[in-house]
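Quick look at what TrEMBL lists:
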ACT_SITE  Ser64  active site, schiff-base intermediate with substrate
ACT_SITE  Cys78  active site, proton donor
ACT_SITE  Ser230  active site, proton acceptor
ACT_SITE  His243  active site, proton acceptor
BINDING   Phe6, Glu63, Phe224, Glu247  substrate binding site
MOD_RES   Ser64  pyruvic acid (Ser)
Amino acid sequence: VATTGFEGFEKRLEIEFSYGPSSEASGLRSVSREGLDRMLKAAECTIVAQLSSDEFDSYVLSESSLFVYPLKVVIKTCGTTKLLRSIPVLLELASGLDLSVRCCKYRRGSFFFPAEQDYPHRNFTDEVEFLDGFFSGGRGYVLGSSSSAQKWHVYVAPAVEDEFGSGGGSSSEPGFTLEMCMTELDRKVATEFYKDVNCSAEGMTRAAGIDGLLPGARICDFAFDPCGYSMNSVEGGAYSTIHVTPEDGFSYASFETMGYGPREIDLQVLVDRVLRCFKPGFFSLALYATGISGAAGKKNGGSSWGVGFVPRGYSCVGSSRQELGSGGDVVVYHTFRAEEERSSP
């Protein structure tokens, strides 16, 4: 744990795999609990709760979340965890299942306390060099306004075509991942995530209105002692996850969802719901779109997930857009500051 305060900003690793000739259909979901624990031990975190759907398994961690699909793993860790050190174990587990790496994505914001991080997370240059030791053709990007201390760091190692046509290649429909990082949380909201105010995770979920974000999803929530909160929700093949560090001076909340799109929910409606839960003074929004170069992608580009907007009560203070290679993947990154009237009682 950082001596100056808890680091809320997460590191996020996503690796996709391809089936081999002797692979089972369950793929990575057949990794034993012992195997998962060994992988997470390398990153210095543990599993505290679990919730599954027919399509994937979700785990709340002592520091953030883990999602395991047959051909994809997403790991998010906060604090001073060493997320990238889990890669060798994960690749070993996948190789034992005759799965080969298809692509890798890594991203994070700017840390509150960068000096507290250990190698390879001391800086983005070290992270890129570390990742390049495992993946081919990778490239790092830094998004964000030059005048802002908050930057968005993205590493992408491009997809490798798989021999068996089962590596999760381009879909007829684009895919979306939304990530929001919120700081300067409303103090009244932040107090709801202390156990002396709400003694249970369920109480925190209800008090903040988190149960109304995606009403059709099932929630697995966890409250930390004396404060802090994590939640994973599952709905079919889609997930959302929330993590809250409520301490004054470095308060932070994150919201991420993957697997939803314009057919399921209006993006602006979802963002507004999240902002009502936490009322941040400052937040960033990163939206990833995969496979938008085709006809289906162009059609969805005209939906609510492809149109820019500024949430009510906020001003946009920075915008960036980056194409990630030639596969039709794009990330847009925006930062917002609350207007004065929103910050008043």
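Every residue gets a Cβ built from N, Cα and C, even glycine.
In the structure shown, the C-beta of Glu63 has more C-beta neighbours within 10 angstroms than that of any other entry among the binding-site residues Glu63, Glu247. When the CA atoms are compared, the recorded positions lying within 10 A of Cys78 (active site, proton donor) are Ser64, His243, out of the candidates Ser64, Phe224, Ser230, His243. Other C-beta atoms found within 10 angstroms of the C-beta of Phe6 (substrate binding site) number 21, with every protein chain shown included. Within 10 Å of the Cβ of the residue listed as 'active site, proton donor' there are 26 other Cβ atoms, across all protein chains. A simple way to gauge crowding: the CB of Ser64 (active site, schiff-base intermediate with substrate) has 26 other CB atoms within 10 angstroms, across all the protein chains here. Using a 10 Å Cα-Cα cut-off around Ser230 (active site, proton acceptor), the recorded positions Ser64, His243, Glu247 reduce to Ser64, His243. Of all the active-site residues listed here (Ser230, His243), the one with the fewest other CB atoms within 10 A of its own CB is Ser230.
A sphere of 10 angstroms centred on the C-beta of Phe224 (substrate binding site) encloses 20 other C-beta atoms.
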